[in-house]
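The structure appears right after this line, and notes come after that.
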Amino acid sequence: MQKIKTDQNSPANPTSLKTGLTKQEYENAPKNITEDSSQKSTGKIICEHVFTFFNFLNVVIAFFIVLTGSYRNLMFMGVVISNTVIGLWQELHSRKILSRLAIISQAHFQVLRDSEIVTIASDEIALNDLLILEQGNQVPVDGVLVSGACQVNESALTGESDDIDKSVGDPITSGSFVTAGKCMMQVENVGERTFMYSIMQQAKRSRRFPSQLRDSLNQIIHFCTLFLIPTGILLFVKMYFFSHTTWQQAVLSSSASMIGMIPEGLVILTSVALFVSVSKLAMQEVLVQELYCIETLARVSTLCLDKTGTITTGNMKVDDLIPMSDMDKDQCIQSLGLLYHSLDDENATAKAIRAYAPAIKNGSKADNIFPFSSRTKFSGAVFGDTTWIAGAYSFVFEKQDPEVTKKINSYADQGKRVLVLARGPKLTKLEKGNYELIALIVIEDEIRPDAKRILEYFRSQDVNLKVISGDAPTTVAALAKRAGVSGKAVDMAVWAKGHPENQGLAELMEECNVFGRVTPEQKKAMVLALKEKGQTVAMTGDGVNDVLALKEADCSIAMGSGTQAARSVASVILLKDQFDALPSILLEGRRVINNIQRTASLFLVKTLFSFGLSMLTLFWLARYPFEPIQLTLVSFLGVGLPSFVLTLEPNHARVSGNFLLNVLSKAIPGALTVIFMVVLTALLQTPLRMDAQTFSTVCTWAAGFNALWVLFYISQPLSWMRKALIITMTVAFFLAMIFLPKLYSVVFLTLPQYLYVAAMGIAIPLILKGLFKLNWKKVLNSRIFTREGWKKG
């Protein structure tokens, strides 16, 4: 590969390699601007919150209620509007915060303009710009290489993970990653004309992050959608044509049934809870790029840690250089400096060696360079008839001296990395061989001061920890031990020789925790093996060699100082490399899941009893027990307002079980209790001399008592705030029923009827207590959740 050259293989309209674009040329050129699909427009956010299926259905129901002239029954629209406004405001507020962080984390590049190298954001790149690329960059535009040389990985575009050599005149496609070298490229396509744009648009549409929460909500919505409209129509037909009620009463009853079955606000409430978490994390300089990954990290069972940048700070220093030939130490340092100051490698190892071995004044120019590749694990440069090589001993030398290996292992046991400096003849291709060993270079990693504490926390939460690195196994094991992860490291280079196509990798991952000499392809295979075993996998990383694994993980976490390639595929970016922020993400996920799980039960009580009562009305009851205004009262005080309060409070309990199973097991007792009380009241309607309005009033008392007691049971353990919430809702319900009877379409009762209501108030908590003791999870598991379609929820 050539070091630097330019030739006639240039673009159709070549830009001067001395000056780059002039100011006027830049102003007239098209820019690399595309629609940011990761950030929704204001119009799209408004449309998503306003024009929903349930909002449309509520408006249609409201229209028919208006025709009846019973305007008080339109109060449910107040809940609809407030839910929409709250959800809309919260998402717009979160977008503002995330936009600020996105600007901070945006990739920046160097270009040559007016004879000066300037740093710009990717959307400021212009057509015909001279773009400087180096290791770790994800190429943002299409172009032709006009100076220098590099290796690129086009796996994101082609699926092939091999590094491809690029020299002057070769095309470089947007979306590929620079894995080695440094070069200058003239931009030929920008914005929506780039190859990456079309690929990214398709990838964003097809990539789907796992989420029990999202999938469970979709199943609830699917159920409601399937039964809601047909049930409402059948109720109207039954009451108007067969029960001979007025069309107005038929409309009100069928509307009440449909309103009751709509889990009003549940989806918006979930979004609000997630956006609140995203905003909180943003305050800690954590950029969440995928909303539901917060939930995923809370459920994670295995955390894969790339050593560099996570357990270690990513900073290195040369601890010592040990001559292994007739050259003295100073001569070795000079040769090392000559090699590394000729290379364009910008990884942490190269930077540490350059700091240790300064450049030689008037030193020789390299005739050819071989940049470092995470696949080959070494680099080199040709000077005249000599090739200087540096890299991992087992990767550089075909035959290894046991004494040298023993010496290297002694340093590795201390958690230090050892590279070799070797000398060989003039080479045209760098590969493993039998070279002259010149020196050992001992390099030390800096351990993060908080690494041990953070990893101990995850271990205490039953999260399996896997330390994965491309370094020597003994080095990785020593560093992992210092960070609190024990166990002998597996040498994946050796293991791979006896296990073609990664056979037995899943079993190996279950048995061992520390892995060394891991290639990027093996990292990806490790993540996939864990997922095949049913593990929820999170992966941390900061380099190009982590990209393949990060893309496959259920939740991927990149360091802000890491490569653009790693940041672009991660679902979470720690902008300040604050590894100690991971527990905060986990706790936010727990808060969302546990609180939504609790409040979803409140919503589903109403949905389930409304569906049950609708069925009873179709086949037995003369009319539906409620009017819309009555359900609005019960929903607002027993479900809507409490759910918002409970969703936003702290809740760091461990997440366990299936989300939908947990929700239904708590909702079914409340729904059955209301249905039982309505049936009992219907049977006692004649003895207690209840007319239709009285019957509806008594049922409203029952539904209200039930909602408040369900709130009591799911709020356990009771904090002072939860106690205050329950007392406030209870007082408000009694005041509404007693002092606002006309507004809520209820009537005053006779003494026997009030005694019956009091008896219900005593019986309902006892019935609920008994029903909550039953093992509903076992029943649901055996009857429903074993069926295909419910398994993933």
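Cβ from N, Cα, C; glycine included.
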Transmembrane segment range according to TrEMBL, out of 565-585, 628-648: 628-648
For the domain 'P-type ATPase A' (106-203), mean pLDDT (0 to 100): 82
Positions whose Cβ lies under 8 angstroms from the transmembrane segment (660-683), at least six residues beyond its ends: 212, 216, 219-220, 597-598, 600-602, 604-605, 607-609, 612-613, 616, 620-621, 625, 690, 695, 698-699, 702-703, 706-707, 709-710, 713-714, 756, 760, 763-764, 767-768, 771-772, 774, 776-777, 780-781, 785, 790, 793
Contact between the transmembrane segment (726-747) and the transmembrane segment (628-648) (3 or more Cβ pairs under 8 Å, separation 6+): yes
Contact between the transmembrane segment (254-276) and the transmembrane segment (628-648) (at least 3 Cβ pairs under 8 Å, separation 6+): yes
Chain residues in Cβ proximity to the transmembrane segment (628-648) (below 8 Å; excluding those fewer than six residues from its ends, i.e. six or more beyond): 61, 65, 72-76, 78-79, 83, 86, 252, 255-256, 259-260, 264-265, 269, 272-273, 276, 595-596, 598-599, 602-603, 605-606, 610, 696, 699-700, 703-704, 706-708, 710-711, 715, 721-722, 725-726, 729, 732-733, 736-737, 743-746
Helix, strand and coil residues within the domain 'P-type ATPase A' (106-203) as assigned by DSSP: 19 helix, 50 strand, 29 coil
